[in-house]
Amino acid sequence: MTNIRKSHPLIKIINESFIDLPAPSNISAWWNFGSLLGVCLILQILTGLFLAMHYTSDTATAFSSVTHICRDVNYGWIIRYMHANGASMFFICLFMHIGRGMYYGSYTFSETWNIGILLLFTVMATAFMGYVLPWGQMSFWGATVITNLLSAIPYIGTNLVEWIWGGFSVDKATLTRFFAFHFILPFIIAALAAVHLLFLHETGSNNPSGLTSNSDKIPFHPYYTIKDILGLLLLIMALMLLVLFSPDLLGDPDNYTPANPLNTPPHIKPEWYFLFAYAILRSIPNKLGGVVALVLSILILAVMPLLHTSKQRSMMFRPLSQCLFWLLVADLLTLTWIGGQPVEHPFITIGQLASILYFFTILVLMPISSMIENRFLKW
(Lines of atoms letter the chains of each structure in order from A and count residues from 1; the text may use other names and numbers.)
(Lines give C-alpha, C1' and ligand atoms only; values in the text may rest on other atoms or scores of the structure.)
Protein backbone atom coordinates (compact mmCIF):
# COMPACT_ATOMS: atom_id res chain seq x y z
CA MET A 1 0.00 0.00 0.00
CA THR A 2 1.40 3.39 -1.01
CA ASN A 3 1.74 6.18 1.51
CA ILE A 4 -1.43 8.37 1.60
CA ARG A 5 0.80 11.44 1.46
CA LYS A 6 1.99 10.34 -1.99
CA SER A 7 -1.28 8.94 -3.36
CA HIS A 8 -4.11 11.22 -2.14
CA PRO A 9 -4.84 13.87 -4.84
CA LEU A 10 -4.91 16.82 -2.39
CA ILE A 11 -2.31 15.71 0.15
CA LYS A 12 0.02 14.84 -2.75
CA ILE A 13 0.12 18.53 -3.81
CA ILE A 14 1.02 19.60 -0.24
CA ASN A 15 3.61 16.81 -0.07
CA GLU A 16 5.27 17.87 -3.32
CA SER A 17 5.32 21.53 -2.22
CA PHE A 18 6.35 21.35 1.44
CA ILE A 19 7.58 17.85 2.38
CA ASP A 20 9.32 15.88 -0.39
CA LEU A 21 10.27 19.01 -2.35
CA PRO A 22 13.92 18.75 -3.48
CA ALA A 23 15.71 21.89 -2.24
CA PRO A 24 19.32 23.06 -2.70
CA SER A 25 21.49 22.08 0.27
CA ASN A 26 23.10 25.52 0.62
CA ILE A 27 20.24 28.05 0.73
CA SER A 28 20.82 30.61 3.49
CA ALA A 29 18.54 32.48 5.90
CA TRP A 30 17.71 34.91 3.05
CA TRP A 31 15.48 32.12 1.67
CA ASN A 32 13.33 32.20 4.83
CA PHE A 33 11.38 35.27 3.79
CA GLY A 34 9.09 33.45 1.33
CA SER A 35 7.61 31.32 4.10
CA LEU A 36 7.52 34.33 6.44
CA LEU A 37 5.47 36.24 3.85
CA GLY A 38 3.01 33.33 3.79
CA VAL A 39 2.76 33.49 7.59
CA CYS A 40 2.28 37.29 7.47
CA LEU A 41 -0.52 36.89 4.91
CA ILE A 42 -2.33 34.28 7.04
CA LEU A 43 -1.90 36.46 10.14
CA GLN A 44 -3.27 39.54 8.31
CA ILE A 45 -6.27 37.61 6.95
CA LEU A 46 -7.13 36.20 10.41
CA THR A 47 -6.69 39.45 12.38
CA GLY A 48 -8.45 41.36 9.58
CA LEU A 49 -11.40 38.95 9.69
CA PHE A 50 -11.90 39.57 13.42
CA LEU A 51 -11.54 43.34 12.94
CA ALA A 52 -14.13 43.27 10.12
CA MET A 53 -16.63 41.69 12.55
CA HIS A 54 -16.63 44.90 14.62
CA TYR A 55 -15.78 47.58 12.03
CA THR A 56 -18.37 49.75 10.28
CA SER A 57 -17.50 51.26 6.90
CA ASP A 58 -19.47 54.47 7.31
CA THR A 59 -17.90 57.93 7.57
CA ALA A 60 -20.02 58.75 10.63
CA THR A 61 -19.03 55.66 12.63
CA ALA A 62 -15.75 54.27 11.17
CA PHE A 63 -13.46 56.14 13.58
CA SER A 64 -15.71 55.33 16.57
CA SER A 65 -15.85 51.64 15.58
CA VAL A 66 -12.03 51.41 15.62
CA THR A 67 -12.01 53.12 19.05
CA HIS A 68 -14.71 50.64 20.16
CA ILE A 69 -12.54 47.71 18.99
CA CYS A 70 -9.62 48.99 21.06
CA ARG A 71 -11.61 49.81 24.20
CA ASP A 72 -14.62 47.48 24.43
CA VAL A 73 -13.91 44.33 22.39
CA ASN A 74 -12.13 41.53 24.28
CA TYR A 75 -8.49 41.66 23.17
CA GLY A 76 -9.57 44.06 20.40
CA TRP A 77 -6.54 46.29 21.03
CA ILE A 78 -4.07 43.45 20.41
CA ILE A 79 -5.91 42.29 17.27
CA ARG A 80 -5.92 45.85 15.91
CA TYR A 81 -2.23 46.47 16.66
CA MET A 82 -1.19 43.04 15.36
CA HIS A 83 -2.97 43.89 12.12
CA ALA A 84 -1.43 47.38 11.82
CA ASN A 85 2.11 46.30 12.76
CA GLY A 86 1.69 43.00 10.90
CA ALA A 87 1.50 45.13 7.73
CA SER A 88 4.89 46.66 8.61
CA MET A 89 6.35 43.18 9.16
CA PHE A 90 4.83 42.09 5.84
CA PHE A 91 6.64 44.91 4.03
CA ILE A 92 9.94 44.30 5.84
CA CYS A 93 9.79 40.66 4.69
CA LEU A 94 8.76 41.79 1.18
CA PHE A 95 11.69 44.18 0.82
CA MET A 96 14.13 41.54 2.12
CA HIS A 97 12.63 38.95 -0.26
CA ILE A 98 12.95 41.28 -3.28
CA GLY A 99 16.47 42.33 -2.22
CA ARG A 100 17.46 38.67 -2.00
CA GLY A 101 16.06 38.09 -5.50
CA MET A 102 18.10 41.02 -6.85
CA TYR A 103 21.33 40.05 -5.08
CA TYR A 104 21.32 36.38 -6.03
CA GLY A 105 19.88 36.80 -9.54
CA SER A 106 16.58 35.02 -8.82
CA TYR A 107 14.92 37.38 -11.34
CA THR A 108 16.16 35.09 -14.13
CA PHE A 109 13.11 32.93 -13.28
CA SER A 110 11.08 35.49 -15.24
CA GLU A 111 7.56 34.05 -14.68
CA THR A 112 8.09 33.75 -10.91
CA TRP A 113 9.63 37.25 -10.83
CA ASN A 114 6.79 38.86 -12.83
CA ILE A 115 4.11 37.25 -10.65
CA GLY A 116 6.11 38.60 -7.69
CA ILE A 117 5.94 42.15 -9.10
CA LEU A 118 2.18 41.75 -9.57
CA LEU A 119 1.99 40.55 -5.94
CA LEU A 120 3.95 43.62 -4.79
CA PHE A 121 1.53 45.99 -6.56
CA THR A 122 -1.48 44.13 -5.10
CA VAL A 123 -0.05 44.18 -1.55
CA MET A 124 0.71 47.91 -1.88
CA ALA A 125 -2.86 48.60 -3.06
CA THR A 126 -4.28 46.54 -0.18
CA ALA A 127 -2.11 48.31 2.42
CA PHE A 128 -3.06 51.74 1.04
CA MET A 129 -6.79 50.97 1.21
CA GLY A 130 -6.39 49.51 4.71
CA TYR A 131 -4.77 52.74 5.88
CA VAL A 132 -7.87 54.67 4.80
CA LEU A 133 -10.30 52.55 6.86
CA PRO A 134 -9.73 53.99 10.40
CA TRP A 135 -10.92 57.35 8.94
CA GLY A 136 -8.43 59.49 10.84
CA GLN A 137 -6.93 62.71 9.45
CA MET A 138 -4.04 60.97 7.68
CA SER A 139 -6.42 58.28 6.36
CA PHE A 140 -8.67 60.88 4.74
CA TRP A 141 -5.96 63.17 3.39
CA GLY A 142 -3.76 60.25 2.29
CA ALA A 143 -6.71 58.87 0.30
CA THR A 144 -7.42 62.32 -1.18
CA VAL A 145 -3.81 62.99 -2.23
CA ILE A 146 -3.01 59.52 -3.62
CA THR A 147 -6.28 59.03 -5.55
CA ASN A 148 -5.93 62.59 -6.88
CA LEU A 149 -2.68 61.55 -8.59
CA LEU A 150 -4.79 59.70 -11.17
CA SER A 151 -6.15 63.07 -12.35
CA ALA A 152 -2.72 63.59 -13.96
CA ILE A 153 -3.64 60.97 -16.59
CA PRO A 154 -4.43 62.93 -19.78
CA TYR A 155 -8.04 63.20 -21.00
CA ILE A 156 -9.67 60.59 -18.69
CA GLY A 157 -7.93 61.61 -15.42
CA THR A 158 -10.67 63.69 -13.76
CA ASN A 159 -13.46 61.26 -14.69
CA LEU A 160 -11.36 58.36 -13.42
CA VAL A 161 -10.79 60.00 -10.02
CA GLU A 162 -14.50 60.83 -9.59
CA TRP A 163 -15.37 57.26 -10.61
CA ILE A 164 -13.01 55.86 -7.94
CA TRP A 165 -14.34 58.30 -5.33
CA GLY A 166 -17.97 57.55 -6.19
CA GLY A 167 -18.65 61.30 -5.99
CA PHE A 168 -16.86 64.65 -6.10
CA SER A 169 -14.67 64.04 -3.04
CA VAL A 170 -13.45 61.24 -0.79
CA ASP A 171 -16.62 60.38 1.15
CA LYS A 172 -18.91 57.56 2.33
CA ALA A 173 -18.94 55.80 -1.07
CA THR A 174 -15.11 55.82 -1.18
CA LEU A 175 -14.80 54.35 2.32
CA THR A 176 -17.36 51.60 1.62
CA ARG A 177 -15.69 50.48 -1.61
CA PHE A 178 -12.21 50.66 -0.07
CA PHE A 179 -13.41 48.36 2.72
CA ALA A 180 -14.87 45.92 0.16
CA PHE A 181 -11.62 45.89 -1.85
CA HIS A 182 -9.46 45.67 1.27
CA PHE A 183 -11.43 42.58 2.29
CA ILE A 184 -11.25 40.76 -1.06
CA LEU A 185 -7.67 41.59 -2.16
CA PRO A 186 -5.83 39.42 0.43
CA PHE A 187 -7.60 36.36 -1.00
CA ILE A 188 -6.49 37.39 -4.50
CA ILE A 189 -2.96 37.79 -3.05
CA ALA A 190 -3.19 34.23 -1.64
CA ALA A 191 -4.21 32.91 -5.09
CA LEU A 192 -1.35 34.82 -6.77
CA ALA A 193 1.08 33.48 -4.14
CA ALA A 194 -0.02 29.94 -5.07
CA VAL A 195 0.73 30.71 -8.74
CA HIS A 196 4.07 32.26 -7.66
CA LEU A 197 4.94 28.96 -5.91
CA LEU A 198 3.70 26.91 -8.87
CA PHE A 199 6.10 28.69 -11.23
CA LEU A 200 8.94 28.46 -8.68
CA HIS A 201 8.49 24.70 -8.34
CA GLU A 202 8.70 24.32 -12.13
CA THR A 203 12.35 25.41 -12.00
CA GLY A 204 13.31 24.73 -8.38
CA SER A 205 14.87 27.25 -6.00
CA ASN A 206 17.91 29.35 -6.78
CA ASN A 207 20.82 29.24 -4.29
CA PRO A 208 23.51 31.71 -3.09
CA SER A 209 26.14 30.54 -5.60
CA GLY A 210 23.74 31.02 -8.53
CA LEU A 211 24.92 27.67 -9.93
CA THR A 212 22.64 24.74 -10.74
CA SER A 213 22.08 22.57 -7.68
CA ASN A 214 20.51 19.51 -9.34
CA SER A 215 23.42 17.31 -8.23
CA ASP A 216 23.01 18.25 -4.56
CA LYS A 217 19.40 18.39 -3.37
CA ILE A 218 17.92 17.61 0.05
CA PRO A 219 14.25 17.10 1.05
CA PHE A 220 12.45 20.23 2.28
CA HIS A 221 11.22 18.38 5.39
CA PRO A 222 12.75 18.19 8.01
CA TYR A 223 15.72 20.42 7.03
CA TYR A 224 13.96 23.55 5.84
CA THR A 225 10.75 23.14 7.86
CA ILE A 226 12.79 23.45 11.07
CA LYS A 227 14.74 26.37 9.58
CA ASP A 228 11.48 28.12 8.62
CA ILE A 229 10.10 27.56 12.14
CA LEU A 230 13.15 29.38 13.57
CA GLY A 231 12.47 32.30 11.20
CA LEU A 232 8.81 32.24 12.21
CA LEU A 233 9.69 32.42 15.94
CA LEU A 234 11.97 35.42 15.31
CA LEU A 235 9.24 37.12 13.25
CA ILE A 236 6.58 36.56 15.93
CA MET A 237 8.99 37.78 18.60
CA ALA A 238 9.78 40.99 16.65
CA LEU A 239 6.08 41.58 15.93
CA MET A 240 5.02 41.05 19.55
CA LEU A 241 7.82 43.31 20.84
CA LEU A 242 6.44 46.01 18.55
CA VAL A 243 2.78 45.36 19.40
CA LEU A 244 3.20 45.08 23.18
CA PHE A 245 5.84 47.75 23.83
CA SER A 246 5.42 50.47 21.20
CA PRO A 247 2.38 49.75 19.00
CA ASP A 248 2.23 53.33 17.66
CA LEU A 249 5.93 53.61 16.82
CA LEU A 250 5.36 53.29 13.06
CA GLY A 251 1.98 55.05 12.96
CA ASP A 252 1.10 58.72 12.58
CA PRO A 253 -0.27 60.75 15.54
CA ASP A 254 -2.57 62.62 13.10
CA ASN A 255 -4.55 59.41 12.60
CA TYR A 256 -5.85 59.69 16.18
CA THR A 257 -7.79 62.77 15.09
CA PRO A 258 -11.07 61.98 13.27
CA ALA A 259 -11.10 62.89 9.56
CA ASN A 260 -11.94 66.53 8.90
CA PRO A 261 -12.20 67.67 5.24
CA LEU A 262 -11.93 71.33 6.37
CA ASN A 263 -8.58 70.97 8.14
CA THR A 264 -5.47 69.83 6.26
CA PRO A 265 -2.62 68.29 8.34
CA PRO A 266 0.69 70.23 8.02
CA HIS A 267 2.56 67.24 6.53
CA ILE A 268 0.64 64.63 4.57
CA LYS A 269 2.67 61.44 4.35
CA PRO A 270 1.91 57.74 3.87
CA GLU A 271 3.04 54.82 6.06
CA TRP A 272 6.83 54.28 6.26
CA TYR A 273 6.87 51.48 3.66
CA PHE A 274 5.62 53.85 0.92
CA LEU A 275 7.93 56.75 1.78
CA PHE A 276 10.65 55.82 -0.77
CA ALA A 277 8.10 55.91 -3.62
CA TYR A 278 6.49 59.06 -2.18
CA ALA A 279 9.90 60.78 -2.14
CA ILE A 280 10.42 59.88 -5.82
CA LEU A 281 6.92 61.22 -6.62
CA ARG A 282 7.62 64.54 -4.83
CA SER A 283 11.07 65.01 -6.35
CA ILE A 284 9.59 65.77 -9.78
CA PRO A 285 7.90 69.22 -10.02
CA ASN A 286 5.50 68.09 -12.78
CA LYS A 287 2.39 66.16 -11.64
CA LEU A 288 2.23 63.65 -14.52
CA GLY A 289 6.02 63.21 -14.43
CA GLY A 290 5.84 62.45 -10.71
CA VAL A 291 3.12 59.83 -11.19
CA VAL A 292 5.09 58.17 -14.02
CA ALA A 293 8.25 58.12 -11.85
CA LEU A 294 6.23 56.66 -8.95
CA VAL A 295 4.94 53.76 -11.08
CA LEU A 296 8.34 53.22 -12.71
CA SER A 297 10.08 53.05 -9.31
CA ILE A 298 8.34 49.67 -8.81
CA LEU A 299 7.92 48.65 -12.46
CA ILE A 300 11.69 48.99 -12.97
CA LEU A 301 11.96 45.57 -11.31
CA ALA A 302 10.37 44.07 -14.44
CA VAL A 303 13.33 45.10 -16.63
CA MET A 304 15.95 43.60 -14.31
CA PRO A 305 16.11 40.27 -16.22
CA LEU A 306 16.73 42.26 -19.45
CA LEU A 307 19.52 44.31 -17.84
CA HIS A 308 21.40 41.25 -16.57
CA THR A 309 24.66 41.47 -18.54
CA SER A 310 26.84 39.35 -16.24
CA LYS A 311 27.96 35.84 -17.19
CA GLN A 312 27.35 34.88 -13.55
CA ARG A 313 23.89 34.73 -12.06
CA SER A 314 24.53 35.64 -8.42
CA MET A 315 26.42 38.63 -6.99
CA MET A 316 28.22 36.30 -4.56
CA PHE A 317 31.47 36.47 -6.55
CA ARG A 318 31.04 39.98 -8.00
CA PRO A 319 32.43 42.62 -5.60
CA LEU A 320 31.73 45.58 -7.93
CA SER A 321 28.06 44.66 -8.29
CA GLN A 322 27.86 44.03 -4.53
CA CYS A 323 29.03 47.61 -3.86
CA LEU A 324 26.36 48.94 -6.23
CA PHE A 325 23.68 46.78 -4.62
CA TRP A 326 24.45 48.17 -1.16
CA LEU A 327 24.62 51.68 -2.66
CA LEU A 328 21.07 51.07 -3.90
CA VAL A 329 19.98 49.90 -0.42
CA ALA A 330 21.51 53.04 1.16
CA ASP A 331 19.80 55.16 -1.52
CA LEU A 332 16.41 53.59 -0.75
CA LEU A 333 16.93 54.25 2.98
CA THR A 334 17.76 57.88 2.11
CA LEU A 335 14.58 58.14 0.01
CA THR A 336 12.55 56.67 2.90
CA TRP A 337 13.96 59.33 5.23
CA ILE A 338 13.33 62.13 2.70
CA GLY A 339 9.72 60.98 2.14
CA GLY A 340 8.98 61.72 5.79
CA GLN A 341 10.53 65.21 5.74
CA PRO A 342 8.76 68.49 4.86
CA VAL A 343 9.07 69.87 1.31
CA GLU A 344 11.80 72.46 1.93
CA HIS A 345 15.51 73.04 1.38
CA PRO A 346 17.75 70.93 1.62
CA PHE A 347 15.35 67.94 1.55
CA ILE A 348 14.05 68.75 -1.96
CA THR A 349 17.57 68.60 -3.47
CA ILE A 350 18.55 65.46 -1.52
CA GLY A 351 15.33 63.78 -2.69
CA GLN A 352 15.97 64.70 -6.33
CA LEU A 353 19.57 63.44 -6.22
CA ALA A 354 18.52 60.20 -4.47
CA SER A 355 15.76 59.65 -7.07
CA ILE A 356 18.18 60.15 -9.98
CA LEU A 357 20.71 57.83 -8.31
CA TYR A 358 18.02 55.13 -7.82
CA PHE A 359 17.17 54.91 -11.53
CA PHE A 360 20.76 55.52 -12.68
CA THR A 361 22.13 52.69 -10.49
CA ILE A 362 19.64 50.10 -11.76
CA LEU A 363 19.51 51.16 -15.42
CA VAL A 364 23.13 52.19 -16.05
CA LEU A 365 25.65 51.41 -13.30
CA MET A 366 24.66 47.80 -12.59
CA PRO A 367 24.73 46.57 -16.23
CA ILE A 368 28.07 48.39 -16.83
CA SER A 369 29.65 46.95 -13.66
CA SER A 370 28.57 43.45 -14.74
CA MET A 371 30.26 43.95 -18.12
CA ILE A 372 33.45 45.20 -16.42
CA GLU A 373 33.44 42.09 -14.19
CA ASN A 374 33.06 39.89 -17.27
CA ARG A 375 36.16 41.56 -18.75
CA PHE A 376 38.10 41.02 -15.50
CA LEU A 377 37.36 37.30 -15.75
CA LYS A 378 38.17 37.32 -19.50
CA TRP A 379 34.65 36.08 -20.33
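Glycine is treated like the rest: Cβ placed from N, Cα and C.
What Swiss-Prot lists as heme b b562 binding site is His83, His182, and the listing cites similarity to another entry. Here Swiss-Prot flags His97, His196 as heme b b566 binding site. Residues or ranges marked as ubiquinone binding site by Swiss-Prot: His201. According to Swiss-Prot, the feature transmembrane segment maps to 33-53, 77-98, 113-133, 178-198, 226-246, 288-308, 320-340, 347-367, an assignment based on similarity to another entry.
Locations of recorded Swiss-Prot features on the structure.
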{"residue": "His83", "record": "heme b b562 binding site", "Cβ within 10 Å": "21"}
{"residue": "His97", "record": "heme b b566 binding site", "Cβ within 10 Å": "20"}
{"residue": "His182", "record": "heme b b562 binding site", "Cβ within 10 Å": "21"}
{"residue": "His196", "record": "heme b b566 binding site", "Cβ within 10 Å": "21"}
{"residue": "His201", "record": "ubiquinone binding site", "Cβ within 10 Å": "14"}
Notebook entry, point to check: Which of the binding-site residues His97, His196, His201 has its Cα nearest to the Cα of His182 (heme b b562 binding site)?
Noted result: His196
Notebook entry, point to check: In terms of Cβ proximity under 8 Å, which residues at least six beyond the ends of the transmembrane segment (113-133) contact it?
Noted result: 48, 55, 57, 62, 66, 87, 90-91, 94, 98, 101, 106-107, 139-140, 142-143, 146, 174-175, 178-179, 181-182, 185-186, 188-189, 192-193, 195-196, 199, 270-271, 273-274, 298-299, 301-302, 304-305
Checklist line | Chain residues outside the transmembrane segment (178-198) and at least six past its termini with a C-beta under 8 angstroms from it | finding: 17, 37-38, 41, 44-45, 48, 52, 55, 57, 112, 115-116, 118-119, 122-123, 125-126, 129-130, 132-133, 143
Notebook entry, point to check: Residues of the same chain, at least six outside the transmembrane segment (226-246), with any C-beta under 8 angstroms of its C-beta?
Noted result: 29, 32-33, 35-36, 39-40, 78, 81-82, 85-86, 88-89, 93
Note to self: Given a Cβ distance threshold of under 8 angstroms, which distant residues of the chain, six or more beyond its ends, lie next to the transmembrane segment (77-98)?
What the structure shows: 30, 33-34, 36-37, 40-41, 43-44, 47-48, 50-51, 66, 69-71, 116, 120, 123, 127, 130, 235, 238-239, 242-244, 247, 250-251, 271-273, 301
Margin query: Just to verify a number: CA distance, His196 (heme b b566 binding site) to His83 (heme b b562 binding site), in angstrom, no decimals.
Written below: 24
Item checked: In three-state DSSP terms, the structure that the residue listed as 'ubiquinone binding site' belongs to -> helix
